[in-house]
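Marked as domain 'Tyrosine-protein phosphatase' by Swiss-Prot: 24-289. Taken from Swiss-Prot, the feature phosphoserine applies to SER35, SER452, SER634, SER680, SER687. If you look up Swiss-Prot, you'll see CYS227, SER228, ALA229, GLY230, CYS231, GLY232, ARG233, GLN274 marked as substrate binding site. Here Swiss-Prot flags CYS227 as active site, phosphocysteine intermediate, drawing on sequence analysis. Feature annotation from Swiss-Prot assigns region 'Disordered' to 330-358, 536-564, 597-619, 653-695, 713-802. As annotated by Swiss-Prot, compositional bias 'Polar residues' applies to 536-546, 713-744. Positions annotated as region 'Interaction with CSK' by Swiss-Prot: 613-621. The compositional bias 'Basic residues' annotation in Swiss-Prot covers 745-754.
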Amino acid sequence: MDQREILQQLLKEAQKKKLNSEEFASEFLKLKRQSTKYKADKIYPTTVAQRPKNIKKNRYKDILPYDHSLVELSLLTSDEDSSYINASFIKGVYGPKAYIATQGPLSTTLLDFWRMIWEYRILVIVMACMEFEMGKKKCERYWAEPGETQLQFGPFSISCEAEKKKSDYKIRTLKAKFNNETRIIYQFHYKNWPDHDVPSSIDPILQLIWDMRCYQEDDCVPICIHCSAGCGRTGVICAVDYTWMLLKDGIIPKNFSVFNLIQEMRTQRPSLVQTQEQYELVYSAVLELFKRHMDVISDNHLGREIQAQCSIPEQSLTVEADSCPLDLPKNAMRDVKTTNQHSKQGAEAESTGGSSLGLRTSTMNAEEELVLHSAKSSPSFNCLELNCGCNNKAVITRNGQARASPVVGEPLQKYQSLDFGSMLFGSCPSALPINTADRYHNSKGPVKRTKSTPFELIQQRKTNDLAVGDGFSCLESQLHEHYSLRELQVQRVAHVSSEELNYSLPGACDASCVPRHSPGALRVHLYTSLAEDPYFSSSPPNSADSKMSFDLPEKQDGATSPGALLPASSTTSFFYSNPHDSLVMNTLTSFSPPLNQETAVEAPSRRTDDEIPPPLPERTPESFIVVEEAGEPSPRVTESLPLVVTFGASPECSGTSEMKSHDSVGFTPSKNVKLRSPKSDRHQDGSPPPPLPERTLESFFLADEDCIQAQAVQTSSTSYPETTENSTSSKQTLRTPGKSFTRSKSLKIFRNMKKSVCNSSSPSKPTERVQPKNSSSFLNFGFGNRFSKPKGPRNPPSAWNM
């Protein structure tokens, strides 16, 4: 158990005991019985104190020091001096003579008292009583008041150099002189502690002990503590200070007990902690110490977590282009020049994420890695997560730690979201060292930065003048041209060149900044973060399901259809129709910024599953429109350009430029349009799934009665015999239990469009089109058109008389 758990357990026990006062009474009764047994059985004898010549030196007859812990005086100033004084050594945390518990000096023992102070080189004296209490003399005055002449006690001269007044005690600076040697002694005089009673508050006692340890931190010399008899109030201070030392050094044992502590102290001097009220006071003081120390531990633990989360392992800070290397000391004040450099770099880093987005570094899956080759491999460093409002307070240091240091002239601010260390290292208080050559599984990848910013938002897309209906008509015609082929092959792209990737996104940067084949590898790990369709989905765009994927049907054996094996590019959805037999990536949504080739950035290598991507702007109806050149055919994709960017090492992507292809692809209408990473990529050792049977044009639509009848008339007069076969197989496929298609709320708007596609005639015979009576423009959203046909069986029985 660590100190935090031990303290929590002790706090619970002490709080339970405080609620039940009978436990205090029973425990203190045990202590009194134990002391009585010691005295009756003479387990700890007091032979020296009971000698006739020493009896007059004892203030109380029943408070006598034990022989085994007696303080003996060897410093002799005259022939009348003896070695006896009513004082006892009390064990401390690190030694058997940490405290000297003694009685208040008598008029006959003032010289003995200063002999003891001088011989044992006492630095701090704690006085817990008044000179007079209840009309009785409790302690002779052995100190001098400020401004008074020095007091003479035999050969000792005592004067007061200064006095510092506190609310409940005074701190006097005494100067003692003996044989031309002068020493400074500090006296802590507590004045508000009544005899056989307790103070009204424990805060002054704790403050007294705190100040006492400020003057003397260790137990190299004993601390002299006395009251009137040197047992009740003296024992309270010894017990509280003993516990304080354990807490300060973090060595509270599991079996710590106030009862055991006082019981042990009572074996060294009788009647320490003399009353039950004083015993309860010790418990209250110890409980308060535990609470305060728990707060300190919690603050330190939180500080270590923040330091661990902000730790930035770096190997070098060599910056390319015009920037100069950074050299920041760890614990020194930054000069104005260094502060300006960091402010400039913080402004650059802050501008990369825009006003609402932050640069998030997170772990990612291996199949989502893309490796870009740069001209040189310069030393890299990790980017701290930059969140709005606190990203300008990160200071990168040489030793790999980022300390929250405010800019000169600005107030301190709290970090609002420093939680990516919890995602990466869990609850570990310290960050793991990151090696760029052999990374830990959940570690961050190094990020290279050059003069330009890591990411740039793409330029605004030109406003499309086409209406929503024209956009869907264009999409309909394009789909019809695709589905007129006998089969649609979607080849899985294993390597996508950075030039083609930037070509597919408008406003791409100059590709000449980053050569394609250079020895230094610059890793850029992308992940797809597309929002769902805000028009056809009830879930918010920034939900956890916002990753783009195609919801494709899975086979019975659990394998994903080949259509799911699409390349995971940054927020792009591809239509594989290129008149030049090349792969064109038509961007449907481009909310995330593209890769800037001028910037050499290496993002994290892995991504945790529970991290939510940053919020994206809402989509507009124009974003669904894909504009292609009119009149160009859409042949089958049979080849692609040579590619440079590679996915993570998996059986499908082996690091070569050869592409894997699949025979067919199956699409299913889904609630959203997503680009899901295939299961075969998640398991790198698994084999690719087998291809699905060939799909036909009509199998991609939900067939109804009018569509089937119109298709029968159309296929009887068309010149494509294989279309008829595909239509028959499509109907059979729709009735197959294992190949059923799910309906989606987001595709209800396409119902009339599907009818028009199904009932449109072949392009070779435009004059023989058979239009169903219910066919109309899909832009007519009237109630009668939406619910014109009753729900029921395909062939209603004759009893219905329809």
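Quick reminder: no glycine exception, Cβ is built from N, Cα and C everywhere.
The structure, with features from Swiss-Prot marked on it.
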{"residue": "SER35", "record": "phosphoserine", "contacts (Cβ under 8 Å, 6+ apart)": "ARG266, PRO270, SER271"}
{"residue": "CYS227", "record": "substrate binding site", "contacts (Cβ under 8 Å, 6+ apart)": "GLN103, GLY104, MET127, ALA128, CYS129, LYS138, CYS139, TRP193, ASP195, ARG233, THR234"}
{"residue": "SER228", "record": "substrate binding site", "contacts (Cβ under 8 Å, 6+ apart)": "ARG59, GLN103, GLY104, CYS129, GLU133, LYS138, CYS139, ASP195"}
{"residue": "ALA229", "record": "substrate binding site", "contacts (Cβ under 8 Å, 6+ apart)": "ARG59, TYR60, ILE63, GLN103, GLY104, SER271, GLN274"}
{"residue": "GLY230", "record": "substrate binding site", "contacts (Cβ under 8 Å, 6+ apart)": "ILE63, ASN86, ALA87, SER88, ALA101, THR102, GLN103, GLY104, ARG269"}
{"residue": "CYS231", "record": "substrate binding site", "contacts (Cβ under 8 Å, 6+ apart)": "ILE63, ALA101, ARG269, PRO270, SER271, LEU272, VAL273, GLN274"}
{"residue": "GLY232", "record": "substrate binding site", "contacts (Cβ under 8 Å, 6+ apart)": "ASP195, HIS196, SER271, LEU272, VAL273, GLN274, THR275, GLN278"}
- Taking the recorded substrate site as CYS227, SER228, ALA229, GLY230, CYS231, GLY232, ARG233, GLN274, identify the other residues of that chain whose CB atom sits within 8 Å of the mean position of the site's CB atoms, giving them in sequence order. ILE63, GLN103, ALA128, CYS129, ASP195, THR234, GLY235, SER271
- CYS231 (substrate binding site) in three-state DSSP notation: coil
- Within 10 A of the CB of ARG233 (substrate binding site), the number of other CB atoms across every chain shown is 32
- Task: Between any two of CYS227, SER228, ALA229, GLY230, CYS231, GLY232, ARG233, GLN274, the residues recorded as binding substrate, what is the biggest Cα to Cα distance in Å?
- Result: 12
- Note on the structure: Across every protein chain in view, the count of C-beta atoms other than its own within 10 A of the C-beta of GLN274 (substrate binding site) is 23
- Task: Please list, for the region 'Interaction with CSK' (613-621), how many residues fall into helix, strand and coil according to DSSP.
- Result: 1 helix, 0 strand, 8 coil
- Message: DSSP secondary structure for SER35 (phosphoserine), reduced to helix/strand/coil, please.
- Response: helix
